[in-house]
Amino acid sequence: MAEHREFFYRRLHSLLGVVPIGLFMVQHLVINHFAVYGEESFNRAAGFMAGLPFVLLLEIFVIYLPILFHAILGVYIVFVARNNTRTYGFFRNWMFRLQRITGIVTLVFIAWHVWETRVQIGLGNADLDYSLMEGILTNPFMFWFYVIGVVSAVFHFANGLWSFLVSWGITQSPKSQKIATYAVIVVFFAVSYLGVRTLIQFAYGV
Amino acid sequence: MAEQSTVTFIITRQGGPDSTPYEETFEIPYRKNMNVISGLMEIRQNPVNAKGEKSTPVMWDMNCLEEVCGACSMVINGTARQSCAALVDQLEQPIRLEPMSTFPVIRDLIVDRDRMFDALKQVKAWIPIDGTHDLGPGPRMPEKKRQWAYELSKCMTCGVCLEACPNVNDKSNFIGPAAISQARLFNAHPTGEMNQSDRLNGLMEDGGIDGCGNSQNCVQVCPKGIPLTTSIAAMNRATNIQAFKNFFGSDNAH
């Protein structure tokens, strides 16, 4: 692979975005959604995840390293693009641009989110439970910051799924790419619902 | 369109590769069925700008005048296209002409498209058949395949897809959609297929197919209607398989 390093990194970037990062995000939002069934239910689900064997290793290899790689190469990819939606305002060109914008928004959001939750728990300044998130999200500013962060992460995942299918040569024909577009729109709304519904539960208790 | 007596061109000009670009306005007499090139020819005959000052003829590139050679591409009213096929009657006035921004300007509207030809070399977009003796007839090509391959062969290296691509610019080394589609064309040919791994490995070099970000502008703007994004996706699959073959496979030849 040495002679095709750039190709290999870009393909790895595409793969990591879906497996494991995309899968982790969906799993994360599903677990969080237990909050909707009550405080007790959320604490049990989150406690189960935190109590998985080798949890730190799992976190490092399934979450931290892949996200770090995806983020660093991603920022470079954002940097080398010259957006031209003003001249060429096609749907896919807008998706291309939004993919880059949501990537940066998601990066900022994840950095803050990890600092505020996982790092603080790790330092012993906070406990992993319902009240931690409740405390953060009852602040209206943080609530909207989280809504924007979650929705942009989900958009980045759903649209990234679409380009994953192209980058790996699965959807080639215009027709299959169109159907994939409809499919990822469904993914976007379904996963967004999961995430935002949970945020509303934490913020307003409903 | 109402009968009018003059046509106004606002042209972005540049004396040489390193000079500063400037705009110059020309008003030329209107004739029926003019295209942008005939307008430029009119300016060349009498290079006097709209202020009545004597100027120099505007330089541009052209060859076939029937949208087949790809030489006369420029940005007309904001969109990259061939100036021979741009009819004055169908354009909003004043008509703004600029050189394509993706390529280095040589002078006025003439750009250097060398990078496209370098890209064709990178992907080996030809079929090596030269030898010292007659190799005999090559394998036959299925008609159905010939039909879609013919569409790909319409590429005239005009540069419009590169101009529209947000990932082709001076910050990136992406070769652009045209060469990727040409690799697919020559890999589709029954004789060219024998060297397909060479072309796929060319696509995997730095600046190759991985630079595509799926904005899909290329397929929208291609004057020849080439299914560029289908070609890119097809070559994505082919290069991925080639990458696995290179790493895990035992057969270096293919």
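Each residue's number is its place along the chain shown, starting with 1.
Every residue, even glycine, has its Cβ placed from backbone N, Cα and C.
TrEMBL annotations:
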type	residues	note
TRANSMEM	A:12-31	transmembrane segment
BINDING	A:H28, A:H70, A:H113, A:H156	heme binding site
TRANSMEM	A:51-78	transmembrane segment
TRANSMEM	A:98-115	transmembrane segment
TRANSMEM	A:143-167	transmembrane segment
TRANSMEM	A:179-200	transmembrane segment
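Remote same-chain partners of the transmembrane segment (A:51-78), defined as residues 6 or more beyond its termini with a Cβ less than 8 Å from a stretch Cβ, comprise 9-10, 12-13, 16-17, 20-21, 24, 100, 103-104, 107, 110. Under the three-state DSSP scheme, A:H28 (heme binding site) falls in the helix class.
Candidate binding-site residues: A:H28, A:H70, A:H113, A:H156. Fewest other C-beta atoms within 10 angstroms, A:H28. Secondary structure from DSSP puts A:H70 (heme binding site) in a helix. The heme site is defined by A:H28, A:H70, A:H113, A:H156, and by the 8 Å test on Cβ atoms against their centroid, the other residues of the chain that qualify are A:I21, A:F24, A:M25, A:I67, A:T106, A:F109, A:I110, A:A153, A:F157.
Binding residues for heme (A:H28, A:H70, A:H113, A:H156) extend across at most 18 Å, taking the greatest CA-CA distance.
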